[in-house]
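As structure tokens, the structure follows; a few thoughts come after it.
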């Protein structure tokens, strides 16, 4: 089989990204509503989110190391199979413990699938054309992911209304229908990954042969990724940024549907409204991600010296959007202000993602790429874990505005960390240039 060109790899990456996240988008607007429909309160729902995040944290590095050992294709197929199982189980779960089991399966799927597809694209594109500009393909990938999430969210919020004949206390509830649809999409995604993901032939991997040998080498792979994350100051700052962003994302996913239900007077209305709102938000996120390269070019004309500086500005606007939702929860502006803040959060939050991801890819080789992506996903999920517990508890005790205030504060911290990472990246790029200049004949004559 002929090796894929960089353009072919990008097209496959975009198609598979959109399909994978379409399944997630179907359940996104109804997940918390499904929990409450089955009788769980806000703290119990927050514990489920924390359990999911904690399981992802526990599995991220082992699965990232496994992807670097086993290969991207096999890891993606295992992730896809677990996604089908988890989404099917979600549709039928009725108790906290059943939802907890589903959360663990879904966490394994998420951990396995968090890095291999993007790592496969970068490896394949660079193998075909070493000078490939990663920012363009990654930005398009993030845009397609957001587009898939947004379109699916509308459908997911609409589907429960077609299942009026299902009782809330039955084996299936109206909010189970999006989960069943998502399981079908996940099965189609599994087949597509099997057909389209072809490993590049010139990627050097460790020589371990056999499953047992591969598993024995995973700890060393993990240690290598952790060493890179802790020793490289830019990577370290970006990992801390991801944790702060994860804290805020937990608030968005947990509080928004419940706040809408309170504003609109019922979970059924909130499901459809959140689906429409999530669609607008994810389409905005897609636009933000797609515009990231152009915004970088424009940023240089207004004093933003690097892509990470542009990412910092986007993160600060993300925090402003979250603050507007909190203001709406406190009374002023109502639903219109909450919707505007939510959409602003996703539009501005779509810009930093591909820019910070590109910065990470440029600081790692192919042999450790999936492991480093998993370290980043671990940081994000750690922030989600802390945020899901803390924000749920604060909102339950003091009210929604205080939960949103905590999330906005986390994003201000994330923006500051991104500014710091941009400064360190500029210094690290300037150091080799100074060394080269000092060794040149012109410098010696000066």
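The backbone N, Cα and C atoms fix where each Cβ goes, glycine too.
According to TrEMBL, the transmembrane segment annotation covers 12-36 (among others).
TrEMBL lists 42-62 (among others) with the feature transmembrane segment.
Look at TrEMBL and you will find 74-93 (among others) tagged as transmembrane segment. Beyond the transmembrane segment (74-93), the same-chain residues lying 6 or more positions past its ends with a Cβ under 8 Å from any Cβ of the stretch are 20, 23, 27, 34, 38, 63, 66-67, 99, 101-102, 105-106, 108-110, 112-113, 116-117, 120, 171-172, 176-177, 179-180, 182-183, 186-187, 189-190, 193-194, 197, 370.
Under 8 Å from some Cβ of the transmembrane segment (99-121) lie the Cβ atoms of residues 9-10, 12-13, 16-17, 20, 35, 38, 40, 48, 51-56, 59-60, 62-64, 66-67, 72-73, 75-76, 78-80, 82-83, 85-87, 89-90, 93, 137-138, 141, 197, 199, 357, 366, 369-374, 376-377, all in the same chain and six or more residues away from its ends. The transmembrane segment annotation in TrEMBL covers 99-121 (among others).
Taken from TrEMBL, the feature transmembrane segment applies to 142-163 (among others).
The transmembrane segment annotation in TrEMBL covers 175-198 (among others).
Residues or ranges marked as transmembrane segment in TrEMBL: 234-252 (among others).
Taken from TrEMBL, the feature transmembrane segment applies to 272-296 (among others).
Residues or ranges marked as transmembrane segment in TrEMBL: 308-329 (among others). Using a Cβ-Cβ cut-off under 8 Å and counting only residues 6 or more beyond its ends in the same chain, the transmembrane segment (308-329) has close neighbours at 241, 245, 248, 251-252, 256, 259, 288, 292, 295-296, 299, 335-338, 340-352, 355-356, 359, 399-401, 403-405, 407-409, 411-412, 414-416, 418-419, 421-422, 425.
Beyond the transmembrane segment (335-360), the same-chain residues lying 6 or more positions past its ends with a Cβ under 8 Å from any Cβ of the stretch are 118, 134-135, 138-139, 141-143, 146, 234-235, 238, 241-242, 245, 252, 256, 259-260, 263-264, 277, 280-282, 284-289, 291-292, 295-296, 307-308, 310-315, 317-318, 320-329, 372-373, 376, 418, 421, 425. Per TrEMBL, the feature transmembrane segment maps to 335-360 (among others).
Summarising the annotation, TrEMBL assigns transmembrane segment to 372-396 (among others).
As annotated by TrEMBL, transmembrane segment applies to 402-423 (among others). Remote same-chain residues near the transmembrane segment (402-423) are listed as 233-234, 237-238, 240-241, 244-245, 247-248, 250-252, 255, 305-306, 308-309, 311-313, 315-316, 318-320, 322-323, 325-326, 329, 352, 356, 359, 383, 387, 390-392, 394-395 (criterion: CB distance under 8 Å, separation of at least six residues from the stretch ends).
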Do the transmembrane segment (372-396) and the transmembrane segment (12-36) come close, with at least three CB pairs under 8 A (pairs 6 or more apart in sequence)?
no
Can you work out whether the transmembrane segment (175-198) touches the transmembrane segment (12-36), with the criterion being 3+ CB pairs under 8 Å where the paired residues are 6 or more apart along the chain?
yes
CB contact flag for the transmembrane segment (42-62) and the transmembrane segment (142-163), at least three pairs under 8 A:
no
Distal contacts, the transmembrane segment (142-163) - CB-CB under 8 A, six or more residues away
14, 17-30, 172-178, 181-182, 185, 268, 271-276, 278-290, 292, 346, 350, 353-354, 357
